[in-house]
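Engineer: The following block contains the structure, expressed as structure tokens.
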């Protein structure tokens, strides 16, 4: 069979997606028949079994790739984890591929754990990943594609040089705490750099730095890229540059140039949250220094203040943007996951960039979500009176995209925030919708049942504090995602999440965007300054029985400047149909030369 050119590939892929959409519709009906109300319509998930960390997202020859930690044996985590693999042309519709690789050699025989993809200067993708070796220690391995002409990269090979990075008595690295290599970056000296997460016995978190000229032979640097005491294990580190102007992304090897800051993200195993700092990378000393006010610990800002972990970014060189993925775990007991046959989602992919202040990252659903939009409802200039609730009719409330902008006029009516109120999640947990204040709670009720016995509320409260130095009133915006009434099933984790939003309501409107998808609610406050993701499992507010409301339970009225809500169509997510066959190169022997 002749190799397909780019146009033939595109035609074959369109045909495959058409057929796969038909298959997916049948599968969706089957899921409903099998009582699967919590499977999502447009969030990434395998057809079955367990999924956790996103691994090695990239774009290659016009095809987006997502690898992920996958247990092919069941709906709970298993040490024999493999690299699942799916591909897409738009980051919305996905085709399942065979696993990229499985435990198969001494350096990964007990599991192929998380890692990243690096695109070499010649365009060849290379995977660095953590393997659990025959001694159950953590080591770093490499995998390369068998056929670089295949845009779907369906076959990968493990060179005999594995493992490339190990622990020993000399380097003193704990073999149980040495994992998750990042995307590598190329220095001006021609050497590659990569960091691996670790920690010491006294809970110092580390980003261990390695260097290589050929991507095979790696040498540990004398000093880590960065460390912080009393933080515990740093999982899934991510280190990438961001532009100080505009929202365009920056290629990972763009280091030390004018107009660039760096972000170091770590996933702290002790809290199961993702924290980031913004700072400077000294390319001569190979150290990262957070900006003043940032510390790489629990005081750092989080990418998401809800159910969100092990995130990973990649640079999309086609659309000049950096895209963020994150694992969204279940909030249901394991027995429920086993019964339904699957566990774990990925957040909808987000564009991520540096705010113009240089002090925080902004996140927003990628623009491709708009291709799923259907029926639309628009409101303009409505008043939400104190204690009022308005229903939003005309959209599929269980699968929707909602944007609303609020304006508060009488800010002086805000309650005073106490100096001891420093924990936003605690404030949200103690002050549910029944606790009225001057300004708030106001926001959205999503996945609400007809009798309001079930609902998930995403809302704001505004407080004021007096600045004794300048004798000026400051306002504090609190964003909450309250799952306490989300389900009649009390076996679920129905924690309430909360965070402060860095906006000034005296000069700015208060905006909220919420993506609703059956069992996941992703919310973006203040234009993406604060993100909160939750998992919910209603018993009543399912499918057509789900409702959407806007509410104001405060004592003062709030203006809705605009509200736009869209029904979202289902995407094709990992149907059984594979990508079109492409004839392999004459030699099937992998080329291990970089």
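Glycine too: its Cβ is placed from the backbone N, Cα and C atoms.
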Engineer: Determine which of 36, 69 appears in Swiss-Prot for the same substrate site as 50, 51, 52, 53, 77, 113, 114, 179, 180, 235.
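Structural biologist: Matched candidate out of 36, 69, per Swiss-Prot for substrate with 50, 51, 52, 53, 77, 113, 114, 179, 180, 235: 69.
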Engineer: Excluding near sequence neighbours, so keeping only residues 6 or more apart in the same chain, what lies with its CB under 8 A of residue 69 (substrate binding site)?
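Structural biologist: The answer is 51, 52, 53, 55, 81, 83, 84, 113, 114.
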Engineer: Indicate whether residue 428 (disulfide bond) is helix, strand or coil by DSSP.
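Structural biologist: In three-state terms, residue 428 (disulfide bond) counts as helix.
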Engineer: Using C-alpha positions only, work out which of the recorded positions 147, 217, 297, 480 is nearest to residue 235 (substrate binding site).
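Structural biologist: Smallest Cα separation from residue 235 (substrate binding site) among 147, 217, 297, 480: 297.
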Engineer: Write down the Cα-Cα distance for residue 179 (substrate binding site) and residue 297 (N-linked glycosylation site), rounded and given in Å.
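Structural biologist: Cα of residue 297 (N-linked glycosylation site) to Cα of residue 179 (substrate binding site) measures 19 Å after rounding.
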Engineer: Indicate whether residue 53 (active site) is helix, strand or coil by DSSP.
Structural biologist: strand
Engineer: Would you work out the biggest C-alpha to C-alpha distance among 50, 51, 52, 53, 69, 77, 113, 114, 179, 180, 235, the residues that bind substrate according to the record, and give it in angstrom as a whole number?
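Structural biologist: Maximum Cα-Cα distance: 20 Å.
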Engineer: Where the distance is taken from Cα to Cα, which of the recorded positions 50, 329, 428, 480 turns out closest to residue 217 (N-linked glycosylation site)?
Structural biologist: 50
